[in-house]
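Engineer: Features from Swiss-Prot:
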{"type": "ACT_SITE", "residues": "Asp95", "note": "active site"}
{"type": "ACT_SITE", "residues": "Asp97", "note": "active site"}
{"type": "ACT_SITE", "residues": "Asp224", "note": "active site"}
Amino acid sequence: MHQEQNKIIKILFSEYYEKAELDLPNDMELREFAYQPFDSETYVRHLSFSSPQELRQYILQNVPLHLYYSSARYQLPSAKEMDEKGWLGSDLLFDLDADEICEVKVRRFCPQDGYETLASNCNGEPPIEYAEITTECIMKVFEKALLIRDILKEDFGLNARIFFSGNRGFHLRVTCYEDCALLDPDDRKEIAEYFTSPKPPVIYEGNPGWSGRIAKGIEGINIDTQVTIDIRRLVRIPGSLNGKAGLMVVEIKNDKFEYGEWLSPFDGDCIFLPYVSAELTLFNNKYTVKRTYPIKIDTRIGVYLALKGLGKVKAYVR
């Protein structure tokens, strides 16, 4: 991200975290915390906090672009080497992304003139790429998340919470104890394959499980299997901001989800300087931008487009 843009968006993120309600586990002292700073491609890891107040104080001094805690519990979560942490068990995770569920349209723009192109190269430079996610696509992914949640309950007796990722997908999390927590990667791989490649011996509509589902036309679900298998996975903290879009990571309750501007916490308007010339669709609204021509736009939209690399936020007014 551009340094000037970073400064403004970092201020917005910092102001958000002053009052943000982060949904933290009751055993947070057993979790490893991590974050990605602004202007850095690497994570700061092996952090440990004993209270929400201690965490908030830290992130106000070190504003995160992305903020995580571990799905695993550890005896020594701040140990620098993974083998020294003392693994005590992990939650069970599922990750759904629009790329795996929908045919996502990827648009390319040449940085020299901002115009859309079909080429993979613009006079020796890579094009600006923007995956345009539709509301229809997000809702399809949400339907798959609900299906996974229901299957976990019906077939395994497990209760999963669903979270919007803050970008273009959903996470499901089963808080595990005892046998569930101690599942090893091979066990978790079998569970992942149960969802992606169901193979019931008999297909009959009246049967429970995948036998009945396949008979009704329900197919296996494309999930990121590595997320489910990994016992040391970092997960986004509910209530944090996803630095790829500036949207909040939120829990979905009562099976209801609306993909819209409310997912961004920012108020007011901003001056947005586009890098591209195009008509862009976001949250079912269309925005026309022209390269190097500043426009006044809703800050929620400006931050989203800036984090997608389509321009920069020059100023904002509450």
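Here the Cβ of each residue, glycine as well, is placed from N, Cα and C on the backbone.
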Engineer: Taking just the CA atoms, what is the gap between Asp224 (active site) and Asp95 (active site) in Å?
Structural biologist: 6
Engineer: Near the Cβ of Asp95 (active site), how many other Cβ atoms are there if near means within 10 Å?
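Structural biologist: I count 20 other Cβ atoms within 10 Å of it.
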